[in-house]
């Protein structure tokens, strides 16, 4: 049955691909944040495991192709590995259920290793599933067409690519929204089970849709895998060359000709063409090393930025949607506008030049990322290092206060604080500080003080009739609040006890000059209510941004008026997430010229039956690229993130230059001509066996 001139079965395959890509990219979008915030891994471990997983997803296609071509056939491979895939997604979803091991109900898993083990099992199953079906689905789609439907087949591949990007775009928008929800039985948490559960459900839908179309498919029997034949041919040539390495044997034109004793001329000629292309693939992994950091390093970069887009709050993992949006725009723009313009300018923009330009653009994208990172680093507060402490002073009274450090420290000047003002944090060597001398109006007070290393403190100062009252508070925050949240605490500057509630969070009862613990809030305005001597007063807070911490001092509470002061402990993220758009734009332009051209070029330079080998080689470059990230990030030991971006940009630029030189010496071939030549020779053999035998003898003596 057909529809619009296409086999009906195609629509099942396209829906299947859309659901599968939604499932994969949705899970991948929130993965690095799941590692960082749920499993509590640091940035480097999260990045390493993320790239190991992606590398695995691109190594398994070779396995999938072997199973499909040599044993099960494409249809059965897709079905059986989709089952594995669905189970993997479900396990991933279960692994992120906080209440699974949270027996004391404090909102954190008691046994993290259970969650780690489950998520690793889930990820391995997903890598097997997604990788295993990747080479089969598009080829299975191609099998559905008759030979005369060449035009429809090429249109199908365009629609297929579009469905991949539509699936990835929608899931990268939706999954982060699901992750940002609050859910849980005992305590409300970020909703990772939903963020992983929806992709799992779509994978199940994808499987059902694919199986429903079963009767309509044209199922081609497994033909044996060409990769195995090519590998055997290469192996035999090397072994044979090694056996005949002494001077008495005449040299042959190409080292692969040493396989001619066992393999026919056609296979050897085809293998030569494939190896010529695969040799050009050697520098390509470096591009993928940069490209796949969108999901790891760039997402982590977005967590330190401001995601306020007028009325909408953008989640850090949603910035990845810029890539599929731009692809959907850029692919047609490149084909319809840019390439024709370049042609008009009489520039010969060959496929290999396009690939070189793609690498150069990706390198520029990382320079842009480094520039953004430098701006972010300027806004990050300095926290105390080992052997250091930080202290600042808030004057809660009505006169000026002066604080001297005893013994007099050269590095720290005398601090003068006006009424209701605070100083910045002062960094000092923990061991040096013994006494603080506080002058307040005409009163003087010396207090002994002991600080811990790598900690921050706030000292509240106030006078009463008799003397100076001080209150030393320990600020437990020595890092930016996570996921762009804000941390808020209160100080009671009233003579009476107050009860404080903000935005539905209860801060408890505060005695005079005491402080609450910090609580987490998202951005925006919140309602603050204080109850003093059973009189309630309320106000609306200032608008909180992304990633800040504030101490709010309650100064007055009577008959409906609540007077508060805000002291900034950690400044909010001020670099806007929109500044990531230029780096995404450059990288996506690079991807469009690199990725689309790369596959087209490979197919144009090799015989049609060798496409599987090239597809495997291409996917292998992606896997190796992700392994490069592990090696470079692990070996570089750069403490500054911007320096790591510059390092990657420099490496890709160097590789880009090497590739340009290789491309310069490459001669384009037409596989069809070579195939025709071989056909001609075979006809000769059939016509005149004697001369051809003599020819073979002459060849072998060359």
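Count begins at 1; order follows the chain as displayed.
Just so it is clear, glycine is given a Cβ too, placed from its N, Cα and C backbone atoms.
Marked as compositional bias 'Basic and acidic residues' by TrEMBL: 683-702.
Feature annotation from TrEMBL assigns region 'Disordered' to 680-702.
The transmembrane segment annotation in TrEMBL covers 48-68 (among others).
If you look up TrEMBL, you'll see 75-92 (among others) marked as transmembrane segment.
Annotation source TrEMBL lists transmembrane segment at 112-133 (among others).
What TrEMBL records for 154-174 (among others) is transmembrane segment.
TrEMBL lists 194-213 (among others) with the feature transmembrane segment. A Cβ distance under 8 Å defines the sequence-distant neighbours of the transmembrane segment (194-213), meaning residues of its chain 6+ beyond its ends; these are 9, 11-13, 15-16, 18-20, 22-24, 26-27, 30, 34, 78-79, 82-83, 85-86, 89-90, 92-93, 95-96, 171, 174-176, 178-179, 181, 183.
Beyond the transmembrane segment (273-291), the same-chain residues lying 6 or more positions past its ends with a Cβ under 8 Å from any Cβ of the stretch are 230, 234, 256, 352, 355, 358-359, 362-363, 365-366, 587, 590-591, 594, 598, 601-602, 605-607, 610, 613-614, 617-618, 620-629, 632, 648-649, 651-652, 655-656, 658-659, 662-663, 666, 669, 671, 674. Residues annotated as transmembrane segment in TrEMBL: 273-291 (among others).
Here TrEMBL flags 325-342 (among others) as transmembrane segment. Long-range neighbours of the transmembrane segment (325-342) within the same chain, counting only residues 6 or more positions beyond its ends whose Cβ lies under 8 Å from a Cβ of the stretch, are 161-162, 165-166, 169, 349, 584-585, 588-589, 591-593, 596.
For the transmembrane segment (354-374), same-chain residues at least 6 beyond its ends with a Cβ under 8 Å from one of its own Cβ atoms are 284, 286-287, 290-291, 297-298, 301, 575, 579-580, 582-587, 589-595, 597-598, 601, 641-643, 645-646, 648-650, 652-653, 655-656, 659-660, 663. The transmembrane segment feature in TrEMBL is assigned to 354-374 (among others).
Counting only same-chain residues 6+ beyond the ends of the transmembrane segment (612-633), those with a CB under 8 A from a CB of the stretch are 44, 47-48, 51-52, 54-59, 61-62, 65, 69, 134-135, 139, 225-227, 230, 274, 277-278, 281, 284-293, 296, 598-599, 602-603, 606, 644, 647-648, 651. The transmembrane segment annotation in TrEMBL covers 612-633 (among others).
The transmembrane segment annotation in TrEMBL covers 645-666 (among others).
Contact between the transmembrane segment (112-133) and the transmembrane segment (48-68) is supported by 3 or more Cβ pairs under 8 Å, counting only residues 6 or more apart in sequence. Long-range contacts of the transmembrane segment (48-68) within the same chain: residues 24, 28, 31-32, 35, 41, 74, 77, 81, 123-124, 126-128, 130-136, 222, 225, 227-228, 292, 295-296, 612, 615-616, 619-620, 622-627, 629-630, 633-634, each at least 6 residues beyond the stretch ends and with a Cβ under 8 Å from a Cβ of the stretch. Here the transmembrane segment (75-92) has long-range neighbours at 20, 23, 27, 64, 67-68, 118-119, 121-130, 132-133, 136-137, 140, 196, 199-200, 203-204, 206-207, 210-211, 214, 217, 219, meaning same-chain residues at least 6 beyond its ends whose C-beta is under 8 angstroms from one of its own.
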